[in-house]
Amino acid sequence: SPLQTLVLFQSFPSVSTDSVRLVNGSSVCSGRLEVRSNQSGSWSSVCEGHLDLRGAQVVCRELGCGAPGLLQGALSGAAEAPVVQTFTCEGHESALLDCGSSGAQTCSSGTAVNLTCTDPDDVRLVGGASRCNGEVQIKHHGKWRDVRYGYYYSDPWTLKAADVICRRLDCGSAVSVRRPNSSGSSDPLWSVSPICLLSTPALMDCVREEPYTDYTSTLTCSGKSTDDGPDSVPVLP
């Protein structure tokens with residue numbers, strides 16, 4: 001079975017959208033599933049048994065993570081009582097709230113859904129001293145390519161935007177993002193909008209092909225997951 005049991009020991013920063021998030025997990029793509037109500041705007045966990053594997057696939061995709069690997073129930077602890085609606089997804093929906101749902105049920109188990117998605121396999125850092133630093137590469141349309149340094153003058157790389165990549169790789173926060181001398185390749189580059197990165201968890205929505213082959217992006221992450229980013233460190237030219 002693709003569903004297994006996992007015991008969570010340490011809490012890491014979580015991924016989230018306006019409507020779903022994973023909290024108190026062992027990685028950025030794991031944790032207790034919480035859904036934000038359209039009516040009240042409050043966050044509530046989901047009752048165990050009220051989300052199946054197809055629903056888990058939708059959640060993982062919505063959060064920009066890989067496929068679901070673990071789906072389990074756990075005591076809700078300090079969280080609000082689990083919501084009682086059951087989500088019925090076909091698996092192709094872009095967001096959990098696009099799935100069918102039914103309410104007016106009870107949460108007989110009294111436990112909340114914990115979900116672990118696999119790490120995203122669409123971004124990596126290569127050529128550095130560790131997996132948490134090096135030239136940024138993104139896999140888009142099945143092709144791994146370097147990422148061009150810079151997008152437009154009005155949309156520059158910042159540490160806050162680079163943080164998105166570091167967190168996606170479970171590498172903490174961004175320490176520096178800089179431009180090396182030259183890409184040294186004739187292959188076209190992927191270009192990523194930093195402003196877009198800060199507005200959506202869907203990385204691929206922010207990527208486009210560039211005809212340029214000039215400068216790539218080199219990123220250094222702190223190498224550990226933390227909520228406190230080194231805001232005093234400048235972006236290097």
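Even glycines carry a Cβ here, placed using N, Cα and C.
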Recorded disulfide counterpart of Cys89 (TrEMBL; options Cys99, Cys107): Cys99
Within the domain 'SRCR' (123-222), residues counted as helix, strand or coil by DSSP: 18 helix, 39 strand, 43 coil
Rounded Cα-Cα span from Cys206 (disulfide bond) to Cys99 (disulfide bond), Å: 25
Arithmetic mean of per-residue pLDDT over the domain 'SRCR' (123-222): 81
Cα distance (Å, whole number) from Cys89 (disulfide bond) to Cys206 (disulfide bond): 26
